Amino acid sequence: MAVGAAAVTEVGDTASPVGSSGASGGAIASGSVARVGTATAVTALCGYAVIYLAARNLAPNGFSVFGVFWGAFGLVTGAANGLLQETTREVRSLGYLDVSADGRRTHPLRVSGMVGLGSLVVIAGSSPLWSGRVFAEARWLSVALLSIGLAGFCLHATLLGMLAGTNRWTQYGALMVADAVIRVVVAAATFVIGWQLVGFIWATVAGSVAWLIMLMTSPPTRAAARLMTPGATATFLRGAAHSIIAAGASAILVMGFPVLLKLTSNELGAQGGVVILAVTLTRAPLLVPLTAMQGNLIAHFVDERTERIRALIAPAALIGGVGAVGMLAAGVVGPWIMRVAFGSEYQSSSALLAWLTAAAVAIAMLTLTGAAAVAAALHRAYSLGWVGATVGSGLLLLLPLSLETRTVVALLCGPLVGIGVHLVALARTDE
């Protein structure tokens, strides 16, 4: 006997509708976008605050060490965002599918807990092989916090996906803000008491407990956390694995780029600290809100499943417009902002900042086409696009050019490979 898929089974409860608005209820409607947009703005400001405090408190040499850990945590949690993407797709798609009433069910939050525990073991167990190359200082503390922080973030990302899939955008935004505020509070305390590098490493991972705080304080969040989706755990994990691989590849370019830069350079030093800060500042205005709105975008593309290429046009135009303004602003006032905000040691050229902003537009476009591919369940194409972009960027970083030039070339040209892969796959589904 088939039942309407909008009836999602909760753990230990009867069927419950997918969100208060139903599956079709406005993933990019003004209300949901406003709530997530506000949360994104707060999150971005908090992220800037942490980076500002670290850059002001640490010299460029020290900031390059912090930047690598910040990037390493961004890399592994970016991969864990594959759980957010797959959970959003699974929950959201229920409004368009019929499922067997007698079929097996999967509890995404429990599965993500197992994934997080497994990730902790893998990172900690393998750390003797790679941590010495990546972490120049506070090596074992960095490994411990990276492992534990990732385990918590797996649950965080899955809970975000369940909230996005059920249109609980207020709670979605609150979870984002809780994560960001916890980070900036720890960073501010570090700045005041002079905890230096170790304190900023703690601040990077401190927000990984936000999911637990939300579960303890928010009944709607607890209701979403109890949801189960149709299908076996193995089926969910297969889809999540593709998303995690692709999200991991995307995280290398988006958050983990300092790690890639470190691995392809003999020594970063003060120049590396300046480049890492420049990359972070130029991409954040585009990529922070875009990454935060992954749930909205995937839900939107699921709703527009018959014309996904056309559905890309409006957000792509918005990204292009914002990017053009950003390039101009970065070239005109960027060097001055870096000197005034972070100190005279952080000297950067107008051309570098403008080109890095253009590179951020390329990665933003790749993020957008990737969200459309996830919504279409094109997991292989999604993975291939991001992996291709990452491999391309990594190879370009090996060119015998200056650090600034090869950084721009890698971040600008590598994403074009992935965009092409995604668009070809999406075009075939629309035929």
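Just so it is clear, glycine is given a Cβ too, placed from its N, Cα and C backbone atoms.
As recorded in Swiss-Prot, the features of this protein are as follows:
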- 33-53: transmembrane segment (TRANSMEM)
- 63-83: transmembrane segment (TRANSMEM)
- 111-131: transmembrane segment (TRANSMEM)
- 143-163: transmembrane segment (TRANSMEM)
- 175-195: transmembrane segment (TRANSMEM)
- 197-217: transmembrane segment (TRANSMEM)
- 241-261: transmembrane segment (TRANSMEM)
- 273-293: transmembrane segment (TRANSMEM)
- 318-338: transmembrane segment (TRANSMEM)
- 358-378: transmembrane segment (TRANSMEM)
- 381-401: transmembrane segment (TRANSMEM)
- 407-427: transmembrane segment (TRANSMEM)
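Fewer than three CB pairs closer than 8 A are found between the transmembrane segment (358-378) and the transmembrane segment (197-217), and contact between the two stretches is not assigned (pairs 6 or more residues apart).
Between the transmembrane segment (241-261) and the transmembrane segment (63-83) there are at least 3 Cβ pairs closer than 8 Å, counting only pairs 6 or more residues apart in sequence, which means the two stretches are in contact. The list of residues near the transmembrane segment (33-53) in space but at least 6 beyond its ends in sequence, with Cβ under 8 angstroms from a Cβ of it, reads 70, 169-170, 172-174, 176-177, 179-181, 183-184, 187-188, 190-191, 200, 203-204, 277, 280-281, 284-285, 288-289, 292-293, 295-296, 341-342. Simply put, out of 63-83, 318-338, 381-401, 63-83 has the most Cβ pairs sitting under 8 Å from the transmembrane segment (143-163). Contact count against the transmembrane segment (63-83) (Cβ pairs under 8 Å) is highest for 273-293, out of 111-131, 175-195, 197-217, 273-293. Sequence-distant contacts of the transmembrane segment (381-401) (same chain, at least 6 residues past either end, Cβ-Cβ under 8 Å): 242-243, 245-247, 249-250, 252-253, 260-261, 264, 366, 369-370, 373-374, 407, 409-411, 413-422, 424-426.
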